[in-house]
Structure formats: structure tokens, C-alpha cells
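> Input: one structure, supplied below.
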Amino acid sequence: MTAKAPPAPHDPARAIDPILERIFSFPRRHFLSAGDLNAPQATDLLDLADAFVAFNRQTSKSLDILKGRTLMNLFFENSTRTQSSFEIAGKRLGADVVNMSPRTSSITKGETLIDTAVTLNAMRPDLLVVRHASSGAASLLSQKVSGSVINAGDGQHEHPTQAVLDALSIRRAFGRVSGLTVAICGDVLHSRVARSNVALLHTLGASVRLVGPPTLMPAQAERWGVTVHHDMKAGIAGADVVMMLRLQLERMQGAFVPSTREYFRFYGLDREKLARAAPKAKVMHPGPMNRGVEIDSDVADDPEISLIQDQVEMGVAARMAVLASLAHRLEEHGQ
């Protein structure tokens, strides 16, 4: 009797193709806001990102989805996680990746962002990833270039790919996003992460709470469709996910908190406060963390409850999904 051949090993790359075949085109040529996505589009994007997670865990991590395309990273603010993950994402998809630093650009010589955009557009990059200290910078750039622009953070406005990776982390931990309660805690006022997460989590069916001191809460935040809490323990009571935010001292021009010690006492996440959340609650932080200010190390480093390292891994997969989807749209339009 002839022995049966062993089953072919699972190839994560093959799981990507059918998703790409049914993938939506982005509602716009650019990805500037988490609000650009409706629920089916967001779900498709998470499905694609999920396939890239499996792909990234194999030994060979090379695809040709962006072969012949040029990805340019324009980071006018410091970044470790976001810039590195976009660079890795682009290279794994086969793109030529160019990193531009403001320290070596003509911006230091007085060139405006618009002039920079016009100059870069003459080089015909296909995809431009932009981080800038000014709200609306990515939108402005998108009006001046022929390639697709991805907002990697514009001032206090938005950080849409962070919201995608956060939603992916939550979905992988719970198997769903819809019906969950997510408490976003801390410096909401200065947080582009909070704004993008509120938009995407609502789209995916989650209930969102904002928790923080009155001095760090946007005026009329309830208009975002959230509940606002100034008491940390009450705000995270029964929450499935507790998402901590970095205290952005560099964006503060006054005394928003008495001291970091006092801030941790009332709004830093420790075991005692976390006990108020749901029994199987998960903890998140977009990074970089200020340990002992926003979150206790004992909580941040506990693999049973913390998704913080998962968020870093999901960042590459989520950004691969965004880049691949935009490339799909470029092909549809013959670019």
C-alpha cells in the first residue's frame, strides 16, 4: 500500500490572496482618519491584518505586493515604533523604502511643508507616510501630491493606523470588538490616539469611556459619543479593556497636573485600580510608557493581562494591511 503523502504545510501567504481579492478600496485615495472607514471596510482591513500576523511569524517574510513601488517615510516628529513598523511593513511587501528626517531636510532651512510636498511629488513616490506636529498636516500634504498619503500622527488630531492595530489587538484577545467596553484613560486632551480609537471602536460596535482629570479632558468630549469620568476607579469599573495614554508633557504649556506623583496616585493604573475592571480585562498602552506615572510595571509586564507587546507586533501587520489596501487602490486607478 502506498503511503499517503503528508499534508502540505500551511502557507500563511496563501491566506492573504483571497482577502486581497475581496478587499475594499479605501473610500479615499489616502488614509487620513479612522473615521474614513465604515464597519465592513474596517472588518476587511482587520481580516487582512490578521492574515499578515500569521505571515510575519514565519521564517520567510517577503511578498511582492508593493514591488516597484516607493514608500517614503516623512517623520517631522520623533518616532520609534511607528516609523520602524512602517519601514518593516513596506519592505516585507516589496517596496523601496526611503526615510526622510527633518534634521537633514530643507525644512531646517525654512522651507514650508507645501514646498516640501511639491518637491517630493516631483520624485513620484507612490506612498507617503507622514507624521507632523501640526493638526491637518497630512491632509494638506494629500492635496499636493499624486501618491497616497497615510497619516502617521498629525498633532493632537488623529493617528488612524494606531487605532487599527489597537482594534486588531483587542479582536485577537477577545475574538470580537463589538459589545466590549473600552476605557481610554489619562491625557485625552493631547491624545491623537484617543481620537482615532474612539472613532474606530465606535464603528466596530464597542462602547467607549474616557477617563481623566478635568484639565486633561477635551471640552464637550461627550459629543464624541462617549461617557466621561473623572474618577478612575468608577471609570474603569467593569471595563473589558483599559487603555492607558501617555502623559504628553511636551504638548503642555501650563500646569495640567500638580505632579507626576499625584497623577499616578489618582490616574495611574495599578493592581488596586485594575481590580475594578472586568475579571478578564486586558490592559493596553500605545507607548512609549512612563512607568510609575501612567502605569505600574507590575501591570504593564504581566503577560496574562497586558496586550502592550502584542500592540507592537500588531503594528507591523496593521500597517502592512493599510499599505496593501492603498496599493490595491492605486492599481485600480492605473497608477
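Glycine is treated like the rest: Cβ placed from N, Cα and C.
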> Of R57, R131, R261, which does Swiss-Prot put in the carbamoyl phosphate site with R81, T82, H159, Q162, G287, P288?
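Swiss-Prot names R131 for this carbamoyl phosphate site.
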> For H159 (carbamoyl phosphate binding site), which DSSP three-state class applies?
coil
> Which one of these binding-site residues, T82, Q162, has the sparsest Cβ neighbourhood, judged by other Cβ atoms within 10 angstroms?
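Relative to the other binding-site residues in T82, Q162, T82 has the fewest Cβ atoms within 10 Å.
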> Rank the binding-site residues R81, H159, R192, R246 by the number of other Cβ atoms within 10 Å of each Cβ, and give the residue at the low end.
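Ranked by other Cβ atoms within 10 Å, the binding-site residues R81, H159, R192, R246 bottom out at R81.
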> Which chain neighbours of the carbamoyl phosphate site, leaving out R81, T82, R131, H159, Q162, G287, P288, have a Cβ atom within 8 Å of the mean position of the site's Cβ atoms?
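These residues sit around the carbamoyl phosphate site: S79, T80, A152, G153, V193, P286, G315.
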